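Per TrEMBL, the features are:
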- ARG57, GLY58, ALA59, ARG100, GLN203, ASN254, LYS255: substrate binding site (BINDING)
- CYS164: site 'Transition state stabilizer' (SITE)
- ASP244: active site, proton donor (ACT_SITE)
Amino acid sequence: MTDAAFDFDRYDRIRPIRWTGDALELLDQRKLPFEVEYVRCDSSGSVAEAIRALTVRGAPAIGIAAAWGLVLAAADVQAGDGAEAAAKLQPAIDHLNAARPTAVNLAWALARMRRVLAAAGPDWRDALEAEARAIADEDLAANRRMGALGAALIEPGSNVLTHCNTGSLATAGFGTALGVIRAGVAQGRINEVFAGETRPWLQGARLTVWELQQDGIAPTLIADAAASHLMKSGRVQWVVVGADRICANGDVANKIGTYQLAIAARHHGVRFMVAAPSSTVDMDTPSGDLIHIEERDPGELFGVGTVRTAAADIGAWNPVFDVTPHTLIDAIVTERGVIENPDEAAMREAFAS
Ligand code: MRU
């Protein structure tokens, strides 16, 4: 699939992050699908809070937002060169980095921004802004490439199940797993797209379903608990998901519930694909056991939206990611290529440099 062969304007119209020149506008994902509203951030602190509060979410998107957050922090800094600016901006970098722990794209984007800054001369401000723009542009290009690579693995006439939201809303545009699905639908390889609700925050029901509707694709929503039954019925051939961190041995952290999908997929002979840009690969973390899994407010489990559904005075545990061992993954797709049956050796070969 080349850019010329794919009508990106038809399938890729949502942009969750807009840079205005002096502020960052974020499509408020807490309000979708009922309100389509951008919030304006004019400080790195407000960007960090937007990441923490899930106004902007999805591994690549929070990296991009943090990069622009650093550009905002730089507006208040006077420095003669990049090294001096980098030292002065370190507290802002640390603050942005602490907003969420699991997706490596956040730390990756900030480290990349810091590297460019530290090497820059008196024009460090321009260098910083150009790097933020490059991070976003490269993400979009990577997603389009992954769409082509991932869709090619799917046999025509297949149905797929996805989890959480991995689309334009979670990236600079087009999406990772949802990019594969967009490309697969456009090529006639995918007939039906099933989307899991993704309790408790409902990224599937609120975001993925809405996003696919914008493309004219009509997904079928399922309760998370219906996934094994769906697989047993023979109605899906692939599970296609994104990632928040891919370790050196191919283990994958992604939205809570992904692991049980992988177990059920292997049991039922359904294939399991992870699509993520190389910015999600963390070769410094040897295995999934070492990933910091974010735990959020148990209150997120007590209801749906603002309506309480749980009994009063109860406890709850709310880990929002889990780790799928590489042995349950059939293919990891990045913009650099496809790794089938990922393991440490295959990851090293693909990402050693
Ligand atoms: O808590 P979220 O909504 O930020 O979690 C997002 C996910 O788990 C996605 O699957 C992942 O970031 C990949 S997005 C391209």
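Easy rule for this one: first residue shown is 1, then count along the chain.
Cβ atoms are placed via backbone N, Cα and C, with glycine included.
Here the Cα atom of LYS255 (substrate binding site) is found 6 Å from that of CYS164 (site 'Transition state stabilizer').
For the pair ARG100 (substrate binding site) and ASP244 (active site, proton donor), the C-alpha distance works out to 11 angstrom. The substrate site, placed at the center of the C-beta atoms of ARG57, GLY58, ALA59, ARG100, GLN203, ASN254, LYS255, has further neighbours from the same chain whose C-beta lies within 8 angstroms: ILE62, ALA103, CYS164, ASN165, THR166, ALA170, GLY242, ASP244, PHE321.
Each residue contributes its Cα atom, and for GLY58 (substrate binding site) and CYS164 (site 'Transition state stabilizer') those atoms are 9 Å apart. ASP244 (active site, proton donor) and ALA59 (substrate binding site) are 5 Å apart (CA-CA, integer value). In this structure, GLY58, ALA59, LYS255 are the binding-site residues from GLY58, ALA59, ARG100, LYS255 whose C-beta falls under 6 Å of some atom of ligand 1. In the three-state DSSP scheme, ALA59 (substrate binding site) is classed as helix.
For the pair ARG57 (substrate binding site) and CYS164 (site 'Transition state stabilizer'), the Cα-Cα distance reads 11 Å.
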